[in-house]
Amino acid sequence: MKIDVKILDARMADQLPAYATAGSAGLDLRACIDAPLELAPNAWQLVPTGIAMFIRDPGYAALILPRSGLGHKHGIVLGNLVGLIDSDYQGQLMVSAWNRSTVPFTLAPMERLAQLVIVPVVQAQFNVVTEFEATERGEGGYGSTGKG
Ligand SMILES: O=c1ccn([C@H]2C[C@H](O)[C@@H](COP(=O)(O)OP(=O)(O)OP(=O)(O)O)O2)c(=O)[nH]1
Ligand SMILES: [Mg+2]
């Protein structure tokens, strides 16, 4: 599918998000900052990506997810855990970078910070009822099927 993208920072012109391999699901987003940004332990900051995208079709959305290397090795994850980009959002894509580790982390300008995944979405209609059709699970949850 084709998605309209605006380049908001000239540095992004020749490094638009791209799938790194034929099977990649994620597009890396870069930190479009002018100077290195130090994130103290447990600090978080909204980081611009230098691009805006207009998905347009309400049958799709985008998710911003951490990169596994940064998240696992350096504790750089997202302040909102997962970012949800609505199909009608036209502003700059922003990444809430959260240093959940115990040591400071310095984010370099244009470093790949997070990744974006385009996903299908179903906008549901609601049908109000007083009883649901019976299922094997019913209201069971929270380990109701046992351990192991
Ligand atoms: O990590 C994120 C999360 C959201 N957004 C943008 C796109 C999204 O469509 C919009 C609104 O996000 P969301 O609905 O999650 O935030 P909200 O707190 O509910 O704000 P709003 O009242 O504007 O919907 O902000 C980002 O750029 N990055
Ligand atoms: Mg919202």
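Each residue's number is its place along the chain shown, starting with 1.
Note that Cβ sites are derived from N, Cα and C of the backbone, with glycine treated the same way.
Features reported for this protein in TrEMBL:
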- 16-146: domain 'dUTPase-like' (DOMAIN)
- Arg67, Ser68, Gly69, Asn80, Leu84, Ile85, Asp86: substrate binding site (BINDING)
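Annotated features, which come from TrEMBL, shown on the structure.
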residue	record	Cβ contacts under 8 Å, 6 or more apart
Arg67	substrate binding site	Asp28, Ile76, Arg112, Leu113, Ala114, Gln115
Ser68	substrate binding site	none
Gly69	substrate binding site	none
Asn80	substrate binding site	Ser96
Leu84	substrate binding site	Ala61, Ala62, Leu63, Ile64
Ile85	substrate binding site	Met53, Ile55, Ala61, Ala62, Leu63, Ile64, Leu93, Leu116
Asp86	substrate binding site	Ile55, Ala61
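Among the binding-site residues listed (Arg67, Ser68, Gly69), none has a CB atom closer than 6 Å to any atom of ligand 2. The secondary structure of Leu84 (substrate binding site), as reduced to three states from DSSP, is extended strand.
With a cut-off of 6 Å between Cβ and the nearest atom of ligand 1, the binding-site residues Arg67, Gly69, Asp86 reduce to Asp86.
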